């Protein structure tokens, strides 16, 4: 392997895995708009941080794009009405992909409405100060659209003494099946570059590098054709492998810098944004609009009409499933990609800001995956897969005897970002990633109890 | 619709994809890789070798089943690992090894080497070598009694010692050997010839296996090729045999240069005795080798160096078995001192 890497042109990180990509189902399909669901459920907590606070009352009419909730704290964002309609409830409990129910604003869509976005006003970005730009980002309700759902404005304010010199734009989309970022890069290149310009100004970054996996060279070409002359923005192909789109990995690939253990990209002068996020910002900020819809890849063996759909935030999965003709044999609906996404227990789960894909598997696919769990045979495949050099085998053995603290104190449990590479390669079929999640949460609870 | 509603929703956690490779598949491929070696052994030594292989496999399978029953675990014969142990064990025994002793070896290999620790994945030493070490201690004469290969009628009759009755005094094969042997068969293996008489066997004979020795370790070339198959399928860590050869060469090279009369060349060391089989198929046993990138090199080098030291300075001609068993015991220590530096760790935090 090492020898092969010498001849590789594209930069990359060490380890990782290469699952079947399954992108051919949707990669060539242009983004299409999904119809508006009759009822929309907008959860107040669809981002990392404090939930938003509702600004509307039941019975109130809302116009598409109008703010309906304000940020509940610094690490929080406002919400905007995804449809024109009438508010039915502001504290209706809806299930989430993660499990627990969460309050949501429910809006009944006016079917007769044209659903035009009438809300917002033009603003000239070149006259805005840095602070005003950051405020504009916050007002847009933007979070990381790659899946993390981290409020975008927070990254624009580095802590005292930290300077952001480089902006990394994540166009890797390393999860199998997902192609929404690919389509955004092809179809919304101008918006993307406008968004990069805005964020560069807001962070003060001197340069921006767009990293795209080399299975999307058409996107690299499309972006390079539109890049401005001044050369501060560049687009680089990186090796196609999973998890190339993890921010630590992408930073390693492009800059050969390592985010310190337990630290953040800002510690090494980097801010990372997803291409979808910046393309949306490039479109929303000049019009002072809010995030009300996003591109979602709907794919997998259980989907009759796979594609990249522009979906209003709050659309329930059941409506989405009907629209894409999900097969009657479908038995597993994953929100996100198949490597890191979550299986939903209910189709009442709405599409939220962080949902980049919906992947549907059928019974047949599942039978193939069913395998007995064997003891660890110490084959070392997980060590060769772990992108951050952990020892998942040892961690797994410690987890099975519940030595959760040792896992943390001696085997760097908390550096695991749950990419799932170890579980993916494990020939014994041990659910390692799940073990680590449990261990982390047990440790968290123990710490909370001790405090 | 009704069918759909009845279905229990199963919630899985990510990742929702699995690489299409399983423990059974790995183990099955090791069996495939060992088949040609077994085939050559049968071709060379005939009926006795065939029955020897079958007896050890059967003994291992029965022992595994027995212990699974006793411990209330599901029967784990289906994972193929027990077949590997049976095959490897037979390959390390003399072709005319009494079959009842082979059955005892199989029982000890699985019982003492594996089942007592909790079965697949929990053993700390290579089960086949544990079994062989036991019979080496229990039956020292039988395990050093060599018979010639390629005898006429080898497919029709047993080597007399194979059919020895349990707990009887060892059958003397001298007459049989005299009547069957090609001219000048001394019963000495290349290692013994080299060590005690300073006669070096030709490289060609070592490669093809036209020498005296255990049932399956004679043809170094065949074993090497079969091992390569596994390495190419990424079911064996090629670094381990590479490190074993490196370790053996590192110590035998200087010795050979100092005194070529007494100390054989690195090539001879690597091709003779059980080193090839041990390096390709036993040292690489996943369960008992370290997993860390630097650990596998260290582990292999330890085996190579120890093998040469035991061969040259010990009382036995063969040293691979003990070298691997010692390295197995060292494996957890090696693993713990060679943990890789994790991503983003500072210099201070790198040590673990």
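Any Cβ shown, glycine's included, is placed from N, Cα and C.
These figures come from a predicted structure and were not determined experimentally.
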When TrEMBL marks a stretch as transmembrane segment, which of B:15-33, B:129-147 is it?
B:129-147
Nonlocal residues around residue B:189 (FMN phosphoryl threonine), in sequence order (Cβ under 8 Å, 6 or more apart):
B:146, B:211, B:212, B:213, B:272, B:273, B:317, B:318
Against which stretches of its own chain does the transmembrane segment (B:296-314) lie, if we need a Cβ under 8 Å and a gap of at least six residues from its ends?
191, 195, 237, 239-252, 255, 263, 269, 273, 275, 278-279, 283, 289-290, 320, 322-324, 326-327, 330-331, 334, 338
Looking only at residues six or more beyond either end of the transmembrane segment (B:129-147), which have a C-beta under 8 A from one in the stretch?
45, 48, 56, 85, 89, 92-98, 101-102, 104-110, 112-114, 159, 161, 164, 170, 173, 176-177, 180, 187-189, 212-213, 282, 321-322, 324-325, 328
In the same chain, which residue numbers or ranges, 6 or more beyond the ends of the transmembrane segment (B:211-231), come under 8 angstroms Cβ to Cβ?
29-30, 32-34, 36-38, 40-41, 44-45, 49, 52-53, 90-95, 97, 146-149, 185-190, 201, 205, 237-238, 241, 270-274, 276-277, 279-281, 284
Output the single range from B:49-70, B:77-93, B:238-257 maximising the number of Cβ pairs under 8 Å to the transmembrane segment (B:99-117).
B:49-70
According to DSSP, folded down to helix, strand and coil, what is residue B:189 (FMN phosphoryl threonine)?
coil
